[in-house]
Amino acid sequence: MSVLVHLEGATVKRGVQRIIRELDLMVHEGQHLALIGPNGAGKTTLLRLMAQLLRPDAGKVTLFPDEPKMQKRGRLRSAVGVLMEGSYLYEGLTVEENLQFYGVLFDVPDLKRRIEEGLTRMELTSVRHKRVGTLSKGMRKRLAIVRATLHQPRLLLLDEPFDGLDERSIGELQLWLEELASKRCTLVLISHDLSLIQPLCQRVCLMDQGRIVQSWRRDEVPPSLWEQGYGHWLGRV
Amino acid sequence: MGFFLRSSLAIVKKDLRIQFRQKSLLLSMIVFALLIQVLLHFSFQANQAALHHVAAGLLWLPIFLSALLGIGRLMAIEEAEWNWEGMWTAPVDPGSIFFGKMLGSLLLVFLVEWVSVPLFFILFNPPAPQSLPLLIGCLLMGTWGYVSLACLFSVMAQASRLGDLLLPILLFPVSVPLVLAVVRLTQIALFPTMPGQEWVWLAVLGAYDILFTLLPILLFEYLLEV
Amino acid sequence: MNNRLLLWQRVLGWLALLMVAADVYFVFFYAPTEKYMGDVQRLMYYHVATAWNAYLAFGLVLIFSILYLWRREERFDHWAASAAEVGVLFTTLVLITGPLWARPVWNAWWKWDDPRLTATLILWLVYIAYLILRASIEGQRGRRIAAVFGIIGFVDVPIVHFSVQWWSSFHPQVISSQGVNMTGEMVVTLVFTSLAFMVLFFFLLLARVNLEKSAAAAARLEERLYSAD
């Protein structure tokens, strides 16, 4: 199974503080990963490292290490999708215009059809001609998700994708992610709501203070984790 | 190459769309240029006799200053919602991102010139340009080089504590050759008393434009990196 | 490696002291008085010597900026920053000795028509901008951005020179060695002064680089202390 992300001894510092400490991690294709942990554990920073939006101050982060063709920036970026804190949307453009813009930048084939599909699945067709500046937070989130998946990436990195969505949208998104997962897309998710990501992930990593303190395979995950949270495992740093 | 240009054009289209919907930035740039013209008139008391010396300045200073302020704002739209990062995650060559932003800014500054240059002729009553092609060429090439560097330095300035204040500090010294060239060429176009000089200055402008468009395109990825 | 640089710094420091002291003899006693300008012309030696070394400094900024962007090793950035500082120092000296020399000769402190002096002023402004840029952005991003500006700045230098030259080509009033009748002794003095100042330049450069390295080492120690909890 090919490795998509390989972190070796990765350290990220902000000033004197270390946000990620000598972290080793491998993400295999098809092994959807959930990152959980308390605030400030470094989950977002780890995701940004994986997205190569950040360089480690020490150690190495390699994407698609087994595939030499992917080392070219263009190829690599076409295979990675990102949903982060910034929604990457232009308030002055409409929903459709935003997608068209990114569609060109990502060189998305069959762009019209994919935009239609995305708008339909995330229930944005009614607002397609509305400017993003006028949309609610939930709608913007849904649009950001469509934008992130427009180019059908092999690696999809999502930071709190369900945040700000209503129940119905959460359901839609889960279905959408499941569909993507079945189609050669590997997910790495951060979510504070464990129950939402449970059905999606093969692996769960608990982070605290810049380290991965526990790592479970799906079948190994103790049931109490889903019900009572991870507090119990944190004392062990 | 095709993808490079397509991405740049997509960025130009996006920026122009946003600006034409809002209109406020473009209008402000035009008004600002006009205000500078008025201010300069009072500052230099440019009567017909003095015009020979100050005409080029009266024409170009409003453009330079208005572009300075406007480009700062144009680059800043990308700061909201982390859009620089959004473009960085795309497979496009970072150089094409720069080129797109630069072309968009250039078109907007040209629009400002469409107003400020005729106004210059109306307000200050210089003689009709002996060589209109030269004047237009000078405007095109001069604006190109200035806008290119302004875009590059604006991105740098916005990363700093000083913000937009750093832009003129970075831009003015480096743009001196361009300023010299456009002033001389404007003088020649309006008051042709120095024959033959124009080719040297056009060459300077040409070299400057090529160099300071290619270099930013090559170096832009280092600015975009987080 | 640190020790080697410190050693060089000390050696160059002493050498610079000796050479600059010896240079005083050359400039004020060995070199003859110039026919038309008189003793004030002796400033030319310092003026030209510092000017050449300033260009050397900015050339180094270019080289180390490119190296930094290519290799991302912090030490290249230290060299670039230090070279820029010493370069600005030397350029300031050029801008001070120029008018001091010009005043008695042309009866004016500053002549915009002097292309060399004007170009030097622009150069000074470019690298002052570089230093302000460095000071106002921190961290890795600041270093990268400064390196980009360092490259652009130096590429601009020849263009500035050429365009300022052409601009004043109608009535150049040059305060430079061109206006001077150079005898053999003057050439020797000029060469020696330039060499002396070059040694001084490298001494100052190394001193600055070592300062940067110490500061970086101190920062690393502080980090280790902080994260040892």
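Every residue, even glycine, has its Cβ placed from backbone N, Cα and C.
Unlike curated entries, TrEMBL annotations are predicted automatically.
The transmembrane segment annotation in TrEMBL covers B:24-44, B:50-71, B:106-126, B:132-153, B:165-187, B:199-224.
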Result, the transmembrane segment (B:106-126) in contact with the transmembrane segment (B:165-187) (3+ CB pairs under 8 Å): no
Stretch contact, the transmembrane segment (B:132-153) with the transmembrane segment (B:50-71), Cβ-Cβ under 8 Å, 3+ pairs: yes
Tertiary contacts of the transmembrane segment (B:199-224), as residues 6+ beyond its ends and Cβ separation under 8 Å: 84, 87-88, 93-99, 102, 137-138, 141-142, 144-145, 148-149, 151-152, 155-156, 159, 177-178, 180-182, 184-185, 188
Outside the transmembrane segment (B:50-71), six or more residues from its ends: residues with CB under 8 Å to it: 25-26, 28-30, 32-34, 36-37, 40-41, 44, 105, 108-109, 112-113, 116-117, 120, 124-126, 142-143, 146-147, 150-151, 154, 164, 167-168, 171, 179, 182-184, 186-187, 190-191
Long-range neighbours of the transmembrane segment (B:24-44), counting only residues six or more past its ends (CB under 8 A): 50, 54, 57-58, 61-63, 65-67, 69-70, 73-74, 108-109, 111-112, 115-116, 119-120, 123-124
